Structures are given as structure tokens and as C-alpha cells.
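The active site, nucleophile feature in TrEMBL is assigned to T133. Residues or ranges marked as substrate binding site by TrEMBL: R161, V162, G163, D164, T184, G185, H186, G187.
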Amino acid sequence: MLPAMVEHGGAGHIPKERAELSTIGVKEAARTGYAILQGWKVSRKLRLCPYVIGRGSVLNVMGEVEMDAMVMDVQLARLVMEKLKGPLKFARSMGVPEVPEESLITDYAKMRWKKNLQPDAKPVECQMGKMGTVSAVAVDKDGNIASATSTGGMINKIEGRVGDTPCVGCGGYADNNIGAVSPTGHGEAIMKVTLSRLILFHMEQGKTPEEASDLALTYMKERVDGLCGVVVVDPKGTWAARFSSLQMSWAAAQQGELHYGLYRGEHFVEPVQENI
């Protein structure tokens, strides 16, 4: 069962013209992460692909890329805090090149930003049901758990707005004794129910990742009328990709197989290629 890698590319409504690219993206990410966990040889280009995770991010009210992120892995967090004094130095130590902010801003993001600057615009309603977060959970061959999430947040947000993503227990959680969770959805709703920790609470009570996810997603919909998606994994490698929204692009790699889907109830399987 080990290792296992599960990714999602955001929950909500994925436009038809972007659905295929979204699925391709999460499949490639899951394959790459799984290959690294297996110790396979992976090209430098693919190893560094997480750095451009901000490309296409929604923009804040000033038209800038301003992202929230979380990596919950004790050893990595301590390394960044004590040795490298910040994520930029950590990225450079890994050989990741600096990328100008303007290269992360796409025409589509600029179009949405300008549209939502109009006096009659409703940025929050415009954002609802749109995907925009990318996340991963993983368990290695030794049963070590990790969770990672990155997002641009809400479209045209005020400068400095912080959503659920960097908040432990809301936008992610990882515990070697229970499992790891990473969600996607409306940040304020996720924070109101501390979704990630709620899912792991249900798993502590003996629920499977799928059962725990469904219980928490149902509670979130009933309690705060929020739609969401999650990826979850436990120390044994049992995983789940569940969502209450219309769609969520997801992929999981385990035991030489790549699982993926986009709509609820959709589940495709193909072999994982070792040479990537």
C-alpha cells in the first residue's frame, strides 16, 4: 500500500475548455510525487514544477499575485525555520530559480480581475464554484505523513487577506498517527468548521478516510452551507478524494497505478510510468 500520493486541482465548476488540462495537471503531479517517494529517477524539470504553482493564480484588488500556502511536515518546517530563515532561501537551496511575478499572471486572470473591478461586480459570488487551489497529501514507505496546499485565495481580495489555507486544522493537517488532509473550497466556510481537523477527528474514531470525509463535508454543507473538496490519506496508505461541489480534478498514485477523476462517482485507473 505504501507509498501513496494524492493530489487535487481545486473543487467547483471547471470550464469545459479547462477540464482536460486540469486533469492532465493533477495526473502529472501525482506521478511525479509518487516517483520521488519510490526513489525513481525524475527529471529536474518535473522536480521543480511545484515552484510555478502560482501561475494562473487569481489576483488581489491591486492586480498582484498574493498566495497562501501550507506545508505540514515537522522535519521540513523545522529545517526552514532554523536553518534557512524563510521559504525563498529554502527554494534557492533546492536549486529553484526565481520567477518574475509578471510571468505568473495569465491573460485569463487579468480578465477576471478587471471584470471584478466594476462597481456592480460581486467578486465573492464570481469566485464561488470556481476551482483555484492545488493540494497534495502523501505517505512515504515508512508511514510518514505530509500535507501541502497552495492557493491564490478569493478573486480581487483585499491586500493581506488570509484564508483557510495557512491555518492549521482548516486548510490542512497532518498527523503521523492518524493521517493527512488538504481541502479546497470557500476559505471562510472551511475555517468555520475547522474542516481538516474535523476529518481527522472522525478518523480517530475509527472511520475510513472516505467515511470521515463524507461526514465532514455533509456537516459543512448543513452547518454553513459550504461546498468543498478534500484529499485524505492515512498511515497505511488508504486514501480518499471526496467533494460536495460539482467537480474536483484529482489523482492518486499507489501500487503502480494512477487513479483519477473529475466528476463525482468518476474513477479511472491506468499504470504509473516509471520513466518520467
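Note that Cβ sites are derived from N, Cα and C of the backbone, with glycine treated the same way.
Remember, TrEMBL labels are computer predictions, not curated facts.
What TrEMBL annotates, mapped onto the structure for a quick look.
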residue : record                   : Cβ within 10 Å
T133    : active site, nucleophile : 27
R161    : substrate binding site   : 14
V162    : substrate binding site   : 14
G163    : substrate binding site   : 21
D164    : substrate binding site   : 30
T184    : substrate binding site   : 31
G185    : substrate binding site   : 30
H186    : substrate binding site   : 24
G187    : substrate binding site   : 26
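Rounded to a whole value, the Cα-Cα separation of G185 (substrate binding site) and T133 (active site, nucleophile) is 8 Å. The two recorded residues, R161 (substrate binding site) and T133 (active site, nucleophile), have Cα atoms 15 Å apart. On the backbone, the CA of G163 (substrate binding site) and the CA of the residue listed as 'active site, nucleophile' stand 11 Å apart. Rounded to a whole value, the Cα-Cα separation of D164 (substrate binding site) and the residue listed as 'active site, nucleophile' is 11 Å. Between the two most distant C-alpha atoms of the annotated substrate binders (R161, V162, G163, D164, T184, G185, H186, G187) there are 17 Å. When the Cα atoms are compared, H186 (substrate binding site) and T133 (active site, nucleophile) turn out to be 10 Å apart. When the alpha carbons of V162 (substrate binding site) and the residue listed as 'active site, nucleophile' are compared, the span between them is 14 angstrom. Here the residue listed as 'active site, nucleophile' is positioned 10 angstrom away from G187 (substrate binding site), judged by their C-alpha atoms.
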